[in-house]
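Undergrad: Attaching a single structure in structure tokens format; questions to follow.
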Number of protein chains: 2
Amino acid sequence: MSSIDEFALIRLLNGGKQSAALAQAAGVVTGIGDDAAVVEASPGSHWILTCDTMTEHIHFKQITMRDRDIGYKAMASAVSDIAAMGGVPRFALVALCMPGGTKVERVQAIYEGLYECASRYGVAVVGGDTTAILGELTLTVTVIGETGLGQAKLRSAAQIGDAVFATGYLGRSAAGLDFLLEQNLSSGQWGDFPEPIAPLVQAHCRPEPQIEAGQLLQRSGSCRALNDVSDGLASELWEIAEASGVGIDVMEERIPVADELAAFAQAQGKDPLDYILYGGEDYQLVGTVPAGDAVELQMRFKAAGLPLHVIGYVNAEGSGVRMVQTNGYIVPLGKKGYNHFSGADGKGGA
Amino acid sequence: MSSIDEFALIRLLNGGKQSAALAQAAGVVTGIGDDAAVVEASPGSHWILTCDTMTEHIHFKQITMRDRDIGYKAMASAVSDIAAMGGVPRFALVALCMPGGTKVERVQAIYEGLYECASRYGVAVVGGDTTAILGELTLTVTVIGETGLGQAKLRSAAQIGDAVFATGYLGRSAAGLDFLLEQNLSSGQWGDFPEPIAPLVQAHCRPEPQIEAGQLLQRSGSCRALNDVSDGLASELWEIAEASGVGIDVMEERIPVADELAAFAQAQGKDPLDYILYGGEDYQLVGTVPAGDAVELQMRFKAAGLPLHVIGYVNAEGSGVRMVQTNGYIVPLGKKGYNHFSGADGKGGA
């Protein structure tokens with residue numbers, strides 16, 4: 001599969017397989033291609049459907065996540081897709097595949113994490129499937145959420161002149177992962193990590209889907225495009241640019257850098273931007289808003305105790321992403337540093 | 001995991017993890033424990049949520065299913081859970097895990113099968129996830145269906161004096177599987193199988209979820225308990241008996257035996273009842289109806305060109321299942337001959 005990336009594969013597998021008439025009759029509003037699907041639940045209500053898989057050695061290893069974290073993050077990554085549509089998560093199904101010899105205690109800890117995250121976001125776990133597998137432990141979490149009619153936030157809604165925003169710090173999850181891979185600790189050896197490590201490990205193992213920010217964006221009425229950061233800022237901005245047929249300039253000096261990320265990157269001799277642009281799994285939201293509405297939106301966020309950073313602008317320059325560097329140079333930004341079909345390095349996928 | 005069966009595991013993992021208040025606030029009508037969950041979509045409408053996993057070497061092997069069949073059956077087994085609630089399937093999400101080196105052609109064939117089944121039952125495939133896996137090819141299909149308020153058919157609704165019915169032939173899928181395992185053909189060697197084999201192989205590889213029968217049962221207003229046959233007749237009747245707190249007597253002479261199953265079993269020196277009671281994956285429906293309504297229900301089925309066989313009665317004898325043999329003896333029926341955690345024999349699970 002090394003010659004094909006995930007999006008091309010999705011197009012290949014799903015393209016032209018069902019008629020538009022069937023999709024319309026079933027009530028599909030937005031099908032394959034965004035963070036989640038949008039369907040008509042009944043007159044007056046739209047539902048959001050999404051699922052995410054995490055499998056051992058591809059998306060996590062025992063040295064990068066404790067069992068309870070695995071469950072928490074599997075639920076969080078699916079809930080985040082609902083946040084990225086501006087919706088409210090309501091129900092979840094959990095499919096678990098267990099290799100022979102899996103300890104019941106391990107599975108119990110994973111489920112405690114799944115439920116901890118679900119309960120935190122008001123999600124009722126209503127079913128699922130459990131089965132044996134010849135292979136590694138694998139979890140697929142399906143989440144069903146709700147949104148108002150026509151209110152779901154798509155990647156494709158950016159317009160020229162929009163401001164581009166991010167709802168919080170990026171790159172911390174990838175830095176936490178780097179630390180954990182380097183330490184090579186078994187989970188029994190984990191203790192309290194010192195600053196600046198603790199918040200980075202927390203960001204990697206316990207990401208928080210931005211449901212409240214997504215709701216605020218939807219209620220504001222001004223948010224246009226929206227995406228969650230699962231694959232790194234560069235990749236998410238490319239998705240918005242391509243889906244909307246626009247270009248995006250991101251301003252290096254406007255990208256917020258967490259102190260702990262700066263300190264860790266410096267100690268590693270790395271540029272924090274590498275983590276931010278290509279790290280992924282932060283589950284913050286990035287999106288666009290008409291430039292004239294950005295300040296008011298920031299004030300709404302401030303009133304709610306949430307950050308909102310304007311980090312760039314939508315331009316008319318085709319459909320690519322560029323970085324306006326602090327030194328004044330404008331450079332094209334590559335799509336991604338990581339594609340989970342081009343090598344299983346443990347950093348995880350969509 | 002050999003000391004714990006699937007139902008005990010589900011109870012262990014999910015028991016007491018979320019408050020009744022959260023479930024009620026989210027709109028859960030029926031949670032974990034039936035074929036599928038029932039939730040309130042919006043005032044006036046209930047939705048049915050289910051997911052099913054199929055993984056290579058546990059639920060299928062390359063000698064038992066061609067790639068296109070794998071996709072078809074993965075979709076069919078999830079759609080069948082909607083039939084078992086008397087609902088109409090509407091949307092599906094597909095999560096696919098691919099081992100390294102999986103050929104694109106294989107994945108394409110699987111998706112063609114998934115879509116073939118989805119389109120046949122009016123299900124719109126609206127999303128999913130694709131990822132690499134260290135292990136065998138694994139598919140999780142989530143299906144969302146719809147039903148009227150309070151109309152979902154549960155296992156727990158059987159009452160003393162009800163007639164027990166089945167919507168069609170059972171045991172054919174397991175017989176087809178036996179044949180395929182014995183032949184040990186690679187899929188490229190498959191040709192047209194002669195009678196009586198062809199319908200058995202078809203039953204195993206292309207099971208048809210009984211959506212029309214489920215709808216007919218729901219509309220009749222008389223159907224009480226309902227289940228789909230994924231694990232064999234004995235296991236499904238036990239589920240109804242235990243969930244309803246009743247006993248069930250199944251009459252050997254009333255169980256329909258397909259000619260092809262009788263012929264195959266005879267040639268194998270086996271009793272067709274073994275396939276019927278313990279074979280599984282037929283995806284016919286079994287359920288109960290007040291005895292006085294059974295004839296009218298059979299006439300409705302006949303008018304629709306569908307069979308409905310009365311095969312037994314609900315009794316007040318505790319909560320067990322017994323067989324009234326043709327020779328007049330009454331014997332207790334074991335719960336199952338197969339539990340997919342007690343040994344990976346390729347016959348598949350729930």
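Any Cβ shown, glycine's included, is placed from N, Cα and C.
Okay, these came from TrEMBL:
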- A:33-146: domain 'PurM-like N-terminal' (DOMAIN)
- A:Asp35, A:Thr50, A:Asp81: Mg(2+) 4 binding site (BINDING)
- A:Asp35, A:Asp81, A:Asp228: Mg(2+) 3 binding site (BINDING)
- A:Asp52, A:Asp81: Mg(2+) 2 binding site (BINDING)
- A:Asp52, A:Asp129: Mg(2+) 1 binding site (BINDING)
- A:His59, A:Glu281, A:Tyr338: substrate binding site (BINDING)
- A:Tyr111, A:Gly128, A:Asp129, A:Arg155, A:Ser230: ATP binding site (BINDING)
- A:160-322: domain 'PurM-like C-terminal' (DOMAIN)
- A:Asp231: Mg(2+) 5 binding site (BINDING)
Undergrad: In sequence order, which residues at least six apart in the same chain have a CB under 8 Å from the CB of A:Gly128 (ATP binding site)?
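TA: A:Leu93, A:Val94, A:Ala95, A:Leu96 - these are the non-local Cβ neighbours of A:Gly128 (ATP binding site), listed in sequence order.
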Undergrad: Could you tell me the C-alpha distance between A:Asp228 (Mg(2+) 3 binding site) and A:Tyr111 (ATP binding site) in angstrom, no decimals?
TA: 24
Undergrad: Roughly how many angstrom lie between the C-alpha atoms of A:Glu281 (substrate binding site) and A:Asp231 (Mg(2+) 5 binding site)?
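TA: Cα-Cα distance, A:Glu281 (substrate binding site) to A:Asp231 (Mg(2+) 5 binding site): 6 Å.
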Undergrad: In terms of Cβ proximity below 8 Å, which binding-site residues out of A:Asp52, A:Asp231, A:Glu281 neighbour chain B?
TA: A:Asp52
Undergrad: What does the structure give for the C-alpha distance between A:Asp231 (Mg(2+) 5 binding site) and A:His59 (substrate binding site)? Integer Å is fine.
TA: 12
Undergrad: Taking Cα-Cα distance, which of the binding-site residues A:His59, A:Tyr111, A:Asp129, A:Arg155 are within 10 Å of A:Asp81 (Mg(2+) 4 binding site)?
TA: none
Undergrad: By DSSP, what is the split of the domain 'PurM-like N-terminal' (A:33-146) into helix, strand and coil residues?
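TA: Helix/strand/coil tally for the domain 'PurM-like N-terminal' (A:33-146): 34 helix, 52 strand, 28 coil.
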Undergrad: Which whole-number mean pLDDT does the model give the domain 'PurM-like C-terminal' (A:160-322)?
TA: 95
Undergrad: What binding-site residues in the list A:Asp35, A:Thr50, A:Asp52, A:His59 lie within 10 angstroms of A:Arg155 (ATP binding site), counting C-alpha atoms?
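TA: Cα filter at 10 Å returns A:Asp35.
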Undergrad: What residue among the binding-site residues A:His59, A:Arg155 has the most other CB atoms lying within 10 A of its CB?
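TA: When each Cβ's neighbours within 10 Å are tallied, A:His59 leads.
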Undergrad: Work out how many Å separate A:Thr50 (Mg(2+) 4 binding site) and A:Tyr111 (ATP binding site) at their Cα atoms, rounded off.
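TA: Answer for this pair: 19 Å between alpha carbons.
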Undergrad: What does DSSP say about A:Asp228 (Mg(2+) 3 binding site): helix, strand or coil?
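TA: Once the DSSP labels are grouped into three classes, A:Asp228 (Mg(2+) 3 binding site) ends up as strand.
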Undergrad: For the recorded Mg(2+) 3 site, enumerate neighbouring residues of the same chain (Cβ within 8 Å of the Cβ centroid of A:Asp35, A:Asp81, A:Asp228, site residues themselves excluded), in sequence order.
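TA: Along the chain, the qualifying residues are A:Asp34, A:Ala36, A:Thr50, A:Ser80, A:Ile82, A:Ala83, A:Ala84, A:Met85, A:Asn227, A:Ser230.
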Undergrad: Looking at the binding-site residues A:Thr50, A:Ser230, which one has the fewest other Cβ atoms within 10 Å of its own Cβ?
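TA: The binding-site residues A:Thr50, A:Ser230 were compared, and A:Ser230 has the fewest Cβ atoms within 10 Å.
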